[in-house]
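TrEMBL annotations:
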- Asp177: active site, charge relay system (ACT_SITE)
- His252: active site, charge relay system (ACT_SITE)
- Ser615: active site, charge relay system (ACT_SITE)
- 82-142: domain 'Inhibitor I9' (DOMAIN)
- 168-653: domain 'Peptidase S8/S53' (DOMAIN)
- 734-827: domain 'Subtilisin-like protease fibronectin type-III' (DOMAIN)
- 1-24: signal peptide (SIGNAL)
Amino acid sequence: MGRIDGVYLVVVLCLGMSVGWVCSQDNVSAVYFVTLKQAPGAVYNAEFLVKTKPYKQDGKVNRLDKPLSSNISRKGWYNGQNISRYHDAILRKVLKGENYLKLYSYHYLINGFAVLVTPPQAVKLSQRGEIANVILDFSVRTATTYTPQFLGLPQGAWPENGGFETAGEGVVIGFVDTGIDPKHPSFSDHTSGNPYPIPKHFSGICEITQDFPSGSCNRKLVGARHFAASAITRGIFNASKDYASPSDGDGHGTHTAATAAGNHGIPVIVAGHHYGDASGMAPRSHIAVYKALYKSFGGFAADVVAAIDQAAQDGVDIISLSITPNRRPPGIATYFNPIDMALMAAVKVGIFVVQAAGNTGPSPKSISSFSPWIFTVGAAAHGRVYSNSILLGNNITIPGVGLAPGTKNSSMYTMVSAVHALNDTAAVDNMYVGECQDPNSLNRDIIQGNLLICSYSIRFVLGMSSIKQALTTAKNLSAVGVVFYLDPFVLGYQLNPVPMAIPGIILSSPDDSKILLQYYNSSLNRDAVTQKITKFGAFASISGGVKATFSNSVPKVMYYSARGPDPEDKFLDDADILKPNLVAPGNLIWSAWSSHGTDSAEFLGEEFAMMSGTSMAAPHVAGLAALIKMKFPSFSPSAIGSALSTTASLNDKNGQLMMAQRAYSNPDLNQSPATPFDMGSGFVNATAALNPGLIFDVAYEDYMSFLCSINGSSPVVLNYTGLNCKTSTINGADLNLPSITIAKLNQSRTVQRTVMNIASNETYRVGWTAPFGASLMAEPMHFFIASGEKQVLTISINATANSPVASFGKIGLFGDKGHTIHIPVSIILKNCYNTTKT
């Protein structure tokens, strides 16, 4: 069914920094990350990066002082095979004569390897002088037809890039996910008379296997690999389901890839109904797949890091990730984990990194993507709703869900409950017989021509029973349609529309289910002596749910979307970093589905599926980032993130403040205006992001200075990057981000932001709204900025009240040429007097 996609990473073993912590028996082998003190290739390669070429806009020449990744080789000066041999030599020297198995050599983003060894062997490795880290591997799991119109792409962003026929062309998006179905029309390179070009800067390959034969890749799908060494060593890899190839046995990877970059105008036909034509956000972008997640078990970080490392070497421009931790990484800061540190190196070489925020909302500090160099995306509703209803014979109408046709001509039909149509009356003691999973247990003569009532129990939520099987039962018994009532034990569960080929509806609340059952039971005629049913007296008609309705009270932040503030460490100290960065469409998203996809039983065998989750929101932003990259090829990753953030919308379609759902149960009845900890900078505005006016830029060295400011971080930074911390450091609030977040405001704080004009000459006016319990001043209040020039803003914040409650404000820069830049301001703890003891 259209589910909320699970986005989380599960730490299952102890982790150690610099030493091998032992949590298992000494003779039990496990996979360990081993990193060396020598810097990875990406760090050294930076010495040879060329400066960006100037780009023109409005006839003016501008420049961002960042490397142009498409002008360099990411393999360049070093030889990966030599580094791999060096890793082998260390293993032979340390573990001479002992059994071990090296799984990967990482040499581009991280200098190290993954190896299967025993805990005592891991300790031996940790004691070598050239080795920095020995960390136990951990498991991971995975985190449209209407959204292009909702985001205004046909009228705005696509024409800016030459129309959908060229939107995103030349940009390669890398997906670390569950693979792809290469046969899907969303990934064909023959959908128009305009041939796809070959991206010259991309050097990836296409794996050829029995499951992924020759010809699977093309000029659209330019690369495909799979990574499963860590999983295979554990003996849990199921080749018949997981496929030792880039083939998608789950469906999730196919869905996310098509959301970002699927071809334009692909008909969405599910259960025989046409739901419109699908398109990715950047329909002409190229796709490269790095499969590291699998249906049976999820995945492991060693495989994920190998996938990221390979994607960077191959030359992708954007990495889209739907992998996030469901536990905060241990250590002195959440940022220090192999995945985040590999992604920081990817940012260094010019790759924009997008990550799902996680589906652990709506509680505070539930965010699962922590680092400032990663662009974190939450999920919002986009206004298209599929709903149907049932009209009872007593003139009561009950709403429900279901992608199903209505009963013919709105005619009334008799309703019969499955528990009252048993072949064997003894089976009534089976509490699951009402789920309609077995047609042999039901009497066709009673059900034929009537509406079959079935129970939707917790077994449906757990995947033990399915709507599809109940529909098969109804069809085999010649029922007119199916009515599902919600079992009272299914509390707070949010139902998404489910495809049905026959009339059907799922009542989405226990209270509505009680109304249905009370009417049904009160309409039964029974023999006064035997109490056997002599007549089914309840009637109903089902209205169709195939056609969508649209709401203007959107976008709104979905209840499951993870929230800030960003936790800096395992002690839940708050970071001076705003997360999420923004929100994007993530609810009820139609996109391509794999022919092998088993992740959602309700869409088994279909070419498209409707999914919900932050991992549906992330690829929306990855595709929109491709449009920005195409227009501004020299933009750094932080410049792309700035363009998306500063132009985000704060209001819904009605012009009211965007709302955020606050409860899992009855979310639309429990909502309030969204704050930056719910929505980041706001809801993505695709067209405005292509004309941001001013840009906030952050260099790799700034991220390094930020990490080095964390107490005790110097050896950890050296271990991961091979670089020593310098004496000058900056706090998170001082990073040149398009937001200001201060976890602890003690009396006063001054921060600076530097903007660069990438448009024509313009004069800006500065305005602001101070957070509650604080005053705010931004200087200068007016400034003229020439094209290509920079301007420093000084923001002074003073506490005016003592408060432990977060409050929010904003700064606006309003240009006389129409550019508007929003800077959210978030302050948590406020002290208006000096709390330092003397």
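Here the Cβ of each residue, glycine as well, is placed from N, Cα and C on the backbone.
These figures come from a predicted structure and were not determined experimentally.
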Take the domain 'Inhibitor I9' (82-142) and count its residues per DSSP category (helix H/G/I, strand E/B, coil), listing them in that order.
21 helix, 20 strand, 20 coil
C-beta crowding around Ser615 (active site, charge relay system), within 10 angstroms:
33
C-alpha spacing of Ser615 (active site, charge relay system) relative to His252 (active site, charge relay system), in angstrom:
9
Can you give the mean pLDDT for the domain 'Peptidase S8/S53' (168-653), rounded to a whole number?
90
